[in-house]
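Q: I am attaching a structure below and will ask some questions about it afterwards.
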Amino acid sequence: MDEQREQAYVSLIQELLDCASGEEVAILSNHPELVDEGLVQVMQAVAEMMAEQGQGNAGWLRNFAGKIAGVNYELPQLQTKLAADALLQQGFQQYQQSQYPQAWQSLQQSLALYQEIGDKANIALCWGQLGSIQRNRGNWDEAERLYRQSLSLSTELGDRSGMATSWSLLGDIQQCRGNWDEAERLFRQSLSLRTELGDRSGMASSWGVLGDIQRNRGNWDEAERLYRQSLSLRTELGDRSGMAATWASLGYIENVRGNWDEAERLYRQSLDLRTELGDRSGMATSWRVLGDIQQCRGNWDEAERLYRQSLDLSTELGDRSGMASSWGVLGDIQRNRGNWDEAERLYRQSLDLRTELGDRKGMGDVYNVLAFVHQQLNKIPEAIADWRAGLAVCPPDRFPLEALKLGRNLGDTGFDIQDWETAIEGYEAAIEAVETRCGFTDSYREKQKRREAAVEIYEKLVQACINSGDIGRALVSVERSKSRNLIELLTNRELYPKGDVPPELLAQLDTLRREVTAKQRLIESLDNPTASDERGTGGIGQRGSDSSSFTPDAIATLREEYDKAQQALMQLLDILTTYDDTFTLTQRVETIQFSQIQGLLDEETVLVEWYLTGERIYTFVVFGGEPPQPPLAKGGLRESDALGKGGLRDSESFLKVAEGIYVQSSTPEQLRELKELGQTYLKSYADYCNNRSEEWETHLGDFLRRLRDILDLPQLLAQLPPTYQRLILVPYRDLHLFPLHALPLGDGDEPEYLADRFPEGVTYSPSCQFLKVSQGNRKTTSQKRLFAIQNPTEDLEYADLEVEAILPNFSANARYLAHQDANKSALNQDPHRQDFQGAEYVHFAGHGAFNFNSPLLSPLVLAGAKVTVSSPEPAPAPPPENATAEPATKRFIPWRNGTDLDLTQCYTLGELFELDLPTCRLVILSACETGLTDFSPELEEYISLGLGFLYAGATNVICSLWAVNDVSTAILMVKLYEEMETQPSVALALKQAQQWMRTVTKQELTAWMNDHSFGPIPHPKAKLRERLNLGFKRPDYRPYQHPIHWAAFCAIGV
């Protein structure tokens, strides 16, 4: 660079430094020949010299040089950029003052100019700031869209700091929605990148927002730990503004703990520092939270003083959001004093400003408190109008937290005044909000917690529908509360991208989706076992293994496998969206409608579904085809007489609607009796399994008769015409324990049972929506391929005979693994893996157990799973004197003789979710407790070993409700397969086999076992006869008449 040109550069730079703001481009336009790379280099050198001399405008000069270079020395573009920068700065200032419409306009104008000159970095910045405006207005979907645009552009530019900021902003949106798991994931993603970049200030911010997540979850100790971690780093960095914010957060923690003195100390510490820093907006916030402390103490005058101090400063600053908040809390003070008119005035002032700001979340909150004011003034119509207005601005699909409160309050008010339609409107909005929140998380446990927190809403919605006479809607409402996680799993399992997707990618999708589902559910089960009780971990009363079988190293490995599978699934999703850009891994499961429920039934089928609330048992009866005429209940109560103030007056009243559905309601006393029966039944069963008592077996018939009476079964059946041939049962909670198909209809020694009433058999289903999904999974072709697992532990003699007797029914299409060969490793390797996955019939004959403490650890025991432990089990007690058959080994054994289970060598329920059985028509689990389910949650979520196979693709599963007898089970299973040769359905075959079991005499049983169809080769059934030892019994003796031998097995599916 020659000296003359360098001097020209210096002169031009001096002119720029001396000019008034806004004249820079004009000056440069007078010297276009000097606007080049050399000018920028000299500007930067001069700026460095000025900085060394302590001159304040050095930074401006350095920044201006960068702008000239950024537009490639084009003066028209520089003019545009400077105008855009000014608008951007103006937009930031307006945003800080809560002038959102003005800020939106400034930022949009700035964005347009940046787009004109292609300034991508500032385009991303504008999108982020526009997103924050939408976030503050409560438009979270639009905010998320803008944040994702900013993230995409930052990623394209390689701006990793911008990416970290975008992830944090996206996390904030998820936090607003109450989707704390996803928010935490995004915040941690941001923290990880900030840590990698060495952005310590960003790390401190990330710890702070992670503390907010834990605070929202109610994890006060963990929130405090994160806040203090943030505070420590901010203190080290000298970030005094951040320190003040963190002290305020710590004050909130102490406030919710009830430590108001400590909370006040922290708030004042934050206030003092904000005052010192001149952070007047922060000062206003501090005064407001200090007012909250005084309101908690009941010091309303002092609270009002602080709120008004906050209001005055917010007004001076033009912080309209702060002004609206202050008017709202001042309204709370007047409401607490009973000054309803003044409270309403303040709330409306807050509402008007929030409406102007577009702050819909705030509007919803104000409508909610306005409604309470109107309720106190007995202006119920106005209160209802307020809640409806709140729901209009905060609909459940966009503002679930606010809509949940608004809908619940609207529903409760309608319920109290017996305005059933208003109650239904409010409760349905609240439940829609719950379901929206559940859609924000992938955690099955978190979904269940969110639904359980709203259990009262579900119950009141059902009652309101019944009271209104809309029984079909009541049943639909019941369906919304039952086994939703299961339905979502089954529905999402069938989601595939459209387009010409290579088959290998679809197969990879199936595998990864199942692996992620299985491992995620298992990890959650290991992290959150239910409370332990006498029911045990390896089955009721059984000494088995719980999560202790998973060592810390094993759990860590499981987490690593899950993370790897999850990452692979996300990478595959990116590929699949190139074929179908609308494809997602999950979708919202629409609620089944009553017309769809009716469509599941043909004219010969009736469905009975139970629902338990905190007060009653409801029994819904849905008829296929043309419904019968309205029945009369005992005492002559007609349909119109059945409704009292609280709904149904007594358990003998039937309601009927035109669509073909009845509902029967119990008394509260009957519900209490059911609860007591369930507790007594379980305790007795636990004692039985632990060889402490035979009372359960002795009184099983009495238990079932008591349940029949509690459910008013005879009265219910009296309403059904004899034309119905098939019954579908949908139990609920406690009722899953019992063999409902085996409820006796009489009290004699040989009563008719419920199953006898329906010639085409009885099937079970967790819900109507599950039934709908299952009907879509029917298998239309069959090659009768069997895969059997035979007595893996080699201690069930009759299980061997059972499988040997079944195999001939399948000729050359039977494959099986027996004894020590039936191990986990063999099942997971070809050719056995292919045989397993390709089977149409799967038969497991061995040990099983249901783990009530951690259901997903419920095992099917394979070879190699039994291990020796130090303290052997005491010898079992002798059988009772009145045993109905020769004693035999129970499939449900307490792992006696010093053995325990290694769950890693079993097939646990959690692992069954990884199976894929695309052609399977029927799985028979000839083992103990494979049909038991956990009924402890307040809101039912069906989960059993049978469920694992249904999710894997099986159309039907036959499973057991207790510890079954080895001998009688083997006989029942052999007979079942014989019946399936001639009967059209699994349910009918099981019904016929069970009916035969309870009525067969010694003579008939012996004849059945003397099968000579194999010529000189004895049929395997003959081996059964050799071991029965019934020689001294009379020919008409019925060895398996007792329900313990046949009633445990039920058919789930279609």
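The backbone N, Cα and C atoms fix where each Cβ goes, glycine too.
Okay, these came from TrEMBL:
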DOMAIN    703-1053  domain 'CHAT'
REGION    524-551  region 'Disordered'
REPEAT    124-157  repeat 'TPR'
REPEAT    164-197  repeat 'TPR'
REPEAT    204-237  repeat 'TPR'
REPEAT    244-277  repeat 'TPR'
REPEAT    284-317  repeat 'TPR'
REPEAT    324-357  repeat 'TPR'
Q: Look over the recorded stretches 124-157, 164-197, 204-237, 244-277, 324-357 and say which has the most C-beta pairs under 8 A to the repeat 'TPR' (284-317).
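A: Ranked by Cβ pairs under 8 Å, first place goes to 324-357.
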Q: Six or more residues beyond either end and a Cβ under 8 Å away: which residues meet both conditions relative to the repeat 'TPR' (204-237)?
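A: The answer is 168, 171-172, 175, 178, 180, 183-184, 187-188, 190-191, 194, 243, 245-247, 249-250, 252-253, 256-257.
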Q: Could you give me the DSSP helix, strand and coil counts for the repeat 'TPR' (284-317)?
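A: Residue counts in helix, strand and coil order: 32 helix, 0 strand, 2 coil.
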Q: Which residues of the chain, 6 or more past the ends of the repeat 'TPR' (124-157), have a CB below 8 A from one of its CBs?
A: 88, 91-92, 95, 98, 100, 103-104, 107-108, 110-111, 114, 163, 165-167, 169-170, 172-173, 176-177, 321, 357-363, 394, 398-399
Q: If you average per-residue pLDDT over the repeat 'TPR' (284-317), what number do you get?
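A: A mean pLDDT of 94 is what the model gives the repeat 'TPR' (284-317).
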Q: Just give the helix, strand and coil counts over the repeat 'TPR' (164-197), going by DSSP.
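A: Helix, strand and coil residues of the repeat 'TPR' (164-197) number 31 helix, 0 strand, 3 coil.
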Q: What is the three-state DSSP composition of the repeat 'TPR' (244-277), stated as helix, strand and coil residue counts?
A: 31 helix, 0 strand, 3 coil
